[in-house]
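Novice: Structure provided below as structure tokens; questions to follow.
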Amino acid sequence: MAKNDLHLTRNIGIMAHIDAGKTTTSERILFYTGLTHKIGEVHDGAATMDWMEQEQERGITITSAATTTRWKYAGDTYKINLIDTPGHVDFTAEVERSLRILDGAVAAYCAVGGVEPQSETVWRQADKYNVPRIAYVNKMDRSGADFFEVVRQMKAVLGANPCPVVIPIGAEENFKGLVDLIKMKAIYWHDETMGADYTIEEIPANLVDEANEWRDKMLEKVAEFDDALMEKYFDDPSTITEEEVLRALRNATVQMAVVPMLCGSSFKNKGVQTLLDYVCAFLPSPLDAENVVGTNPDTGAEEDRKPSEDDKTSALAFKIATDPYVGRLTFFRVYSGKIEAGSYIYNSRSGKKERVSRLFQMHSNKQNPVEVIGAGDIGAGVGFKDIHTGDTLCDETAPIVLESMDFPEPVIGIAVEPKTQKDMDKLSNGLAKLAEEDPTFTVKTDEQTGQTVISGMGELHLDIIIDRLKREFKVECNQGKPQVNYKEAITKTVNLREVYKKQSGGRGKFADIIVNIGPVDEDFTQGGLQFVDEVKGGNIPKEFIPSVQKGFQTAMKNGVLAGYPLDSLKVTLVDGSFHPVDSDQLSFEICAIQAYKNACAKAGPVLMEPIMKLEVVTPEENMGDVIGDLNKRRGQVEGMESSRSGARIVKAMVPLAEMFGYVTALRTITSGRATSSMVYSHHAQVSSSIAKAVLEEVKGRADLL
């Protein structure tokens, strides 16, 4: 690929709720761009993008496969790197990870379901990473499909600025095609060629007025972002050319000022080519993005890199996958410079140079070998020994650390053991590999019981992990019952003097600190340790202060009630003293750990549990039962709405501890007619009676409360 083709590159992802038809849409894109010969249907478990066996069985997408494809638009051939992201709440890490490296996204919605809870979560994640997007309303052929209602919801629920650039011709089973408001033509797809052919005709007479009205709204919206267009819009809108509209829409989209909206039915092969055209027309290329900013690991200074192959190399590893044929594949996005097969590249986290033996561009899980991956492109490499998700790969002579991604902490854990003791090594090897791939999945050994506990974002997440252990690593596991990841907090401030002295012949140990330990300030929102140093006059030498801080940070991993980590803590180091010979960094660290244990026991320790934001869609007649059941589960109903299809939407906050097996219970209450989705919201204090029960179970005693 020539260097100047970067403006024809699009790194995009499709983000959506579970059933918005995201994988089907990706499949159609691959079909029309000529990469797949037979369309893979999710219904029959043959979709090319869903390449792990469990995905094909469950019909949901778990790992974002990165696929490179090409599309001709307006006389140019565009290169599209397509990242398929999962929509299930348990897989937020995958979504965060892919959004970090995209330039633009297609937000897919179901024309019947509209903006669903997960769509909201993903939308906010895309805002966080400043990803411009266009929206695609899928499933226009389904009964209850309503494009304009989804436009309204995008405004109301997401606070977006939607701008329809097409309107549907018909809906539900009469959905025939689209009116393109930019070209002012009607597009009809041919069923006999699976939608590969379509005809462009005049707009049907009964839609002319509606099309003119929506075109006018579109022009008014984009004219705000283009002065020349604004003048024409007020003088004589009929003189506005197609090129001017496309240019203004592109600028407004790249600035994230508007979200162009399209619609179609991927399953019925209608609307996908228009979507591809407008991906090329409106979404940014790597050149539209600002220079990537990172920090120099040696000096801590901020540096930026241009999206050009001539600049020094910088790339971000965004996914690690184990492939049965080539071993460990590392997916990365190159921001500047280039990575060549057979060359050495520096990892700024590990401080080591690694040889990239081979490079691939992926088509789903088939690899096409390439020699070089340049700035603005996405690819995968083999040969890395020590690499984690979020690592920066760069030039050893010009090291840089790009902003990594932050992932939510796991909320649910289960103890696992292999069915046969001889599989113990296989299990620990498998778990270590899976934890490398997925930052929201953690493995630890419970100190009291010696059991291996795996933690993740939900029951489905852990089911899939156990399933993968069986398939990929051939280890069958016994599982304990799910455990909630509680946290602890303290409610009072305690002033304490702690002295640590040890004489054991020769040089001793000595540290003396006076601290105030209590809850964090209200404006300290990031959690963790808030450390304030108020020591005057060198009573504790400067070099020992970080050791005190480190001691508290280490100690916070184990609370005094039941060993759960402390959510947040404020420590003010007021004063202290030291011994010129016996004091060292370790003495002050141990002193801080002792101070923590003694102070927290007196500081009103409480237990905190994860609270989930739950949304249940249920038929009207089951409403009472659903709410009654939520009350039994200590749920707080926060609101009820009616959906267009006549169902009721119940929104509630419910403790995770009460939600195990909820999907099955809900099915029973509503005879399988209700659906639910839940996402972690926050940790909240547990009432003392429940805290006592939890402590009895975990510690066998509850006398600390």
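Each residue, glycine too, has its Cβ placed from N, Cα and C.
Pulled the feature table from Swiss-Prot, pasting it below:
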DOMAIN    7-287  domain 'tr-type G'
BINDING   16-23, 84-88, 138-141  GTP binding site
REGION    291-312  region 'Disordered'
COMPBIAS  302-312  compositional bias 'Basic and acidic residues'
Novice: Which sequence-distant residues neighbour the compositional bias 'Basic and acidic residues' (302-312)? Criterion: at least 6 residues beyond either end, Cβ under 8 Å.
Specialist: 3, 6, 286-287, 289, 291-296, 335-338, 374-376, 394-395, 397-398, 400
Novice: Can you tell me how the residues of the compositional bias 'Basic and acidic residues' (302-312) break down into helix, strand and coil by DSSP?
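Specialist: With helix first, then strand, then coil, the compositional bias 'Basic and acidic residues' (302-312) has 0 helix, 4 strand, 7 coil.
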Novice: Determine the mean pLDDT over the domain 'tr-type G' (7-287), rounding to the nearest whole number.
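Specialist: When the pLDDT values over the domain 'tr-type G' (7-287) are averaged, the result is 81.
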Novice: For ALA16 (GTP binding site), what is the secondary structure state per DSSP, taken as helix, strand or coil?
Specialist: strand
Novice: Specify the secondary structure state of MET140 (GTP binding site) as given by DSSP, simplified to three classes.
Specialist: coil
